[in-house]
Amino acid sequence: MLNSFKLSLQYILPKLWLTRLAGWGASKRAGWLTKLVIDLFVKYYKVDMKEAQKPDTASYRTFNEFFVRPLRDEVRPIDTDPNVLVMPADGVISQLGKIEEDKILQAKGHNYSLEALLAGNYLMADLFRNGTFVTTYLSPRDYHRVHMPCNGILREMIYVPGDLFSVNHLTAQNVPNLFARNERVICLFDTEFGPMAQILVGATIVGSIETVWAGTITPPREGIIKRWTWPAGENDGSVALLKGQEMGRFKLGSTVINLFAPGKVNLVEQLESLSVTKIGQPLAVSTETFVTPDSEPAPLPAEEIEAEHDASPLVDDKKDQV
């Protein structure tokens with residue numbers, strides 16, 4: 001009965017306006033009130049502030065600053081084995097396994113379309129048919145920055161407008177095609193392990209989705225699909241990210257879906273639905289053996305990457321002033 005009521009609310013509540021209101025409130029500097037809200041949040045969700053670069057809740061000017069707080073480097077060591085891909089986010093694995101032609105497992109007994117997830121881009125979908133997927137859910141208590149599982153060269157980004165259903169076990173079991181319906185940002189990379197997609201999925205109260213190369217992707221929510229492309233390799237304007245490097249973040253939010261090409265990686269055997277994930281821990285292993293490369297891709301420069309988009313670059317956390 002209670003679950004039925006919760007599901008009904010998903011269709012009745014004005015999710016877009018709730019999300020806009022949450023985003024507005026989370027970005028406001030309210031002094032003691034901001035600190036009170038953060039303290040209550042930390043207590044309720046049992047957030048481990050000892051991992052944060054700034055453990056004192058009074059050091060955050062807005063709730064958003066707290067929510068995307070950077071962690072101390074040593075608390076998330078990155079597996080350095082060149083054959084290992086690492087977890088991109090702190091959270092819990094919702095589902096993982098093989099992509100069956102066009103079908104991805106959403107929950108037990110419920111599948112959704114790979115092509116629909118990729119906004120009908122059948123050429124991109126062809127890269128991942130019969131490949132491997134991992135869906136990672138980020139709870140409110142988790143660190144909400146998303147990192148690279150491996151070295152990658154950004155080739156394409158697609159913003160897909162959509163619904164803002166909550167993402168949790170209940171909705172995954174009961175809202176058909178949940179991840180293919182919600183707002184999302186699709187990022188396609190060239191990697192040593194073949195093409196890889198890393199998809200940031202929005203949800204109710206997700207104030208924004210951002211990337212390190214383009215800043216805020218949403219809002220604004222204009223209701224149209226947007227697409228950006230970047231050159232390959234070391235060409236001018238290319239964007240290279242290193243294994244373990246931050247690639248994006250949620251301001252309140254949600255879910256990361258990784259897609260890997262067929263025959264390229266094997267997921268770590270111990271992983272299963274509801275496995276806890278920590279950035280930098282092993283996620284998958286290459287089906288081929290790599291030696292440590294003599295050189296790595298040049299990391300993303302500190303200055304804004306020049307690309308044709310309307311987004312703003314992210315602020316360097318280490319340069320933030322309290």
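Here the Cβ of each residue, glycine as well, is placed from N, Cα and C on the backbone.
Over in Swiss-Prot, the protein carries these features:
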- SER254: active site, schiff-base intermediate with substrate (ACT_SITE)
- 308-322: compositional bias 'Basic and acidic residues' (COMPBIAS)
- SER254: pyruvic acid (Ser) (MOD_RES)
- 290-322: region 'Disordered' (REGION)
Cβ packing number for SER254 (active site, schiff-base intermediate with substrate), 10 Å threshold: 28
Assigned conformation of the residue listed as 'active site, schiff-base intermediate with substrate' - DSSP reduced to three states: coil
